[in-house]
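For reference, the structure is listed below as structure tokens.
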Amino acid sequence: MTFKDLNIGTQLIIGIGIIIVMAVLLGATAIIYEEILWEDTTDLYEHPLQIRRTVGALEADILSIRGGMKDLALTENEQEQEEILQEISINEADAFRQFDILYDRYLGPQSDIDTAYASFVEWNTIREETIRLWREGDIAEAVSRTKSTGVGGAQAETMMGDIQIIDNFARNKADELYQSAQQHKDDLTVQLAALLTITLLLFFVVTYILLKAVRDPILELTDVTSRYGQGDHSARIGIDSPNEVGALATAFNTLAETLQTEMQGRENAAGIAAGIAAVSLKENELQLFCRDMLIVLMEHTDSQVGVVYLLNAQKTEFTLFESIGLSASARTSFSATMHEGEFGAALASREIQHITEIPEETVFTLSTVSGDIRPKDILTIPILSETEVVAIISLANVRAYPAETIGLIDDTQGLITARLIGLLAFQKIQEFSETLEEQNRELNETSRELAFQADELREHNIELDMQKKQLDEANRAKTVFLSNMSHELRTPLNSVIALSGVLNRRLRGTIPEEEYSYIDVILRNGRHLLALINDILDIARIESGREDISLRTFPVPELVSTVVERIGPQAVEKGITLQKQVSPDLPSMTSDFGKCQHILENLVANAVKFTEEGEVTVSATVTDDEVHIAVTDTGIGIPEDRIDIIFDEFRQADERVARQYGGSGLGLSIANKYAILLSGSIAIESMPGKGSTFTLTLPLTITLPMAGTQEATTDWRVGEQGDPAHPSPAHSGVGKTILIVEDSEPAIIQIKDLLEEEGYHIRVARNGKEALEEINRELPDAMILDLMMPEVDGFTVLRMIRSGEQITRIPVLILTAKHITKEELSFLEGNGIHQLIQKGDIDRKSLLAAVERMVSEPVEQVSPKPVQSPRHEVRDRPVILIVEDNADNMMTAQALLREHYTPIGAADGQSGIDMVRKEMPDLVLLDISLPGKDGFEVCRILKQDEELRHIPVIALTARAMKGDRADILSRGFDGYLSKPVDAELLEQTIRRTLYGV
């Protein structure tokens, strides 16, 4: 194999490799000589140069010492003499250091250094003797020894001669090293020049050989391809080499042969296409088209048999539709699902199949005068409509099909498929058209029936709308009824309880004991009746969905202690022990404190009521994320078959026991409903005659939908009445003025009687109007306010006093029989009331403790919730930003606003935020359901931005469930509109938000 037959890559590797070897050799030579030169230079520096420097320093020290000895002889000042001696000692020490360097670096005989060192030591001895004589006062002898002719001077000359020998050797060594380095430099120059010359010569030789091995074949390739491109299709490349150029030449020659073959195939395909096109133009009937198509295909493929199969309507089998040359015995159908026989591969792969080894059992045979002949090759052509095979064309030949024929069928398959599918579709359209005419006749009849049904449905919808309105009105009436009944039922009972309490205190000891006991009966039964009414109203509120949840975080021990203290007197009265077993380290829980207290009070009160002797124990534990409060008693117990019904309303475990102990049967039912409302449960374990255990399980942190819940923002609790265990000192109210705003005379008598006894000065206003007049006349120290009053109610009074500059500081205690809704509770919290107490639940100690705490605590300025007021910075034509992702809703809103406002729009949350910061609109209409950041997130971001929080935001939402409005407003929105938006309501909401009207 010659060099030119090698692969181009191999040729390049060899050529470049030679050049690289020479370059490496050149570099190696340079590196070697560089190392030699460096060693010479290092030796020159480390030895001769350092020796010369050391000798110079040593001679300098010796000269300094000799000069110091002369100066010592001339001076008479003792201080100067000591300084000279000290300088001589320093030079002497430095001289010894220089001798150490000489011993380390000197390359000559060590005896040279030993001789010089011995001379120096001897000279030092002579000098020290001279100094001793000088110190003893023999100045003349000391001077004589120091002179050049003296002992010291002669020894110094000898010493300098010994040092000179060392210096001369170092100078000669330096010359020797320099000459060696010069020789090495000259050798390097000669060798590098020779290697560089050889490298250049090899580079030119290798380049020439590589160019000739690569360029000549490429020139030949270029010439042949140029001739082929100009029409000489017989042009071929004559390069026969195993390298890349030879492979390229072979590939080109193969490509040329293939192109010639394909061109011939295209001519045949064009013939088939022309034939099928001619048939298509002539025939629109499927049967005739298939016959003529088979004739064209068989003519151009030299086939002897041609068959067309169509998928039946049930899509279960392919049936013979048209054939040429097929024997009668082979005219059968085959399965479309089993993929059987020679058609199975075509059905499975949906591609043309060429079968060359025909099985004996094939259905294809060619009938001739000499008998049936089995074909040698079969072509199966699937016709696809999208991914479904709807027809199969099969061609058979007694000879093998050449590759050109297979390619021809591949090229024309698309044309055949398009035309055949078109004709099949045309046939189906004709069939559908006939079916459609029949269906249209049936639809006309059905349409008349539907029109009649639509009229009936419209009337039915009208009736449903009327019923819905009636139901809504009934629900509103029920809500109003609950609120009114809460007030109307409690008010007369409060009068009975209040006046009974007054009589109880005033008549003690003034009337016979029996008559005095009647008052206790009235008072006790009045309170019992009030508790029963409260239970019934609680049940009604829960079932009507009007019960709200007020969340706050509180310690579990505090909850248990509060309940135990309230029920404790009942246990003491019965002579049983009520105890608690609660660790002070239990974590806090987040829930509705009032409802938790209500549940636990019911459970503990029940346990005390049904326990005649023994004890009632309240314990609490925390596991995982739940708190478990167990109330265990040693009472009468509950039969197992009655446990399931004790939570039913108005039912008790045993009616006979109920008559003995009393009770309405509502307490446990309310407790259970409250537990479920707080995502908890109550479990029971009981054994008749031995006692029961009621276990309340609640989550440490309640997770509820926002609707119907609110988070407590103040430290007071509804119904909290202070700590009666720590009563106030006698007459603690002296000098304090309390304004009572109450329209019920019994309530006034009761409260006034209690407070005046403690020294409070009492002023009374019997409605809101009188209350405002009394406050304007003189500010009281505190106020007890009823909410339900004629003319001006308590809410209005509270709002008006909190809007003043001075009277905002008056502490207010709310005393009412009204059921407080979530919105009303939020208003009271926001306007800084001191405490809220339900009428009927109050006793003397609790009221006095609450009032004392109210008048004695430091008063802070209350910041009332702002009332809707006009925004003075509103433009003459306000700009309103609509953030809405639905284009139709956006267009509708803009059309409603365009007459009086300037609407601008944003399609998602982030662009809405950007638009607010850019345009600073007067108001934002914000859809809740937005892509990316939803409406809640957008509102939160706007309200947290100090520059944007003043811009009012009104929610637009399709949410219309009960409580959604409160949920949305609690998220920081300034208003709420449900979709579809009513034009009049939209205008009212905007004007109220922008102008406060």
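Including glycine, each Cβ sits where the backbone N, Cα and C put it.
The transmembrane segment feature in TrEMBL is assigned to 12-33, 192-211. The feature domain 'HAMP' is assigned by TrEMBL to 212-264. Per TrEMBL, the feature coiled coil maps to 426-477. Per TrEMBL, domain 'Histidine kinase' is recorded for 484-702. What TrEMBL lists as domain 'Response regulatory' is 737-854, 879-994. The 4-aspartylphosphate annotation in TrEMBL covers Asp786, Asp927.
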Averaged pLDDT, computed only over the residues in the domain 'HAMP' (212-264): 73
C-beta crowding around Asp786 (4-aspartylphosphate), within 10 angstroms: 27
Cα-Cα distance linking Asp786 (4-aspartylphosphate) and Asp927 (4-aspartylphosphate), given in Å to the nearest integer: 40
Residues of the parent chain within Cβ reach of the transmembrane segment (192-211), under 8 Å, 6 or more residues beyond its termini: 3, 11-12, 15-16, 18-19, 22-23, 25-26, 29-30
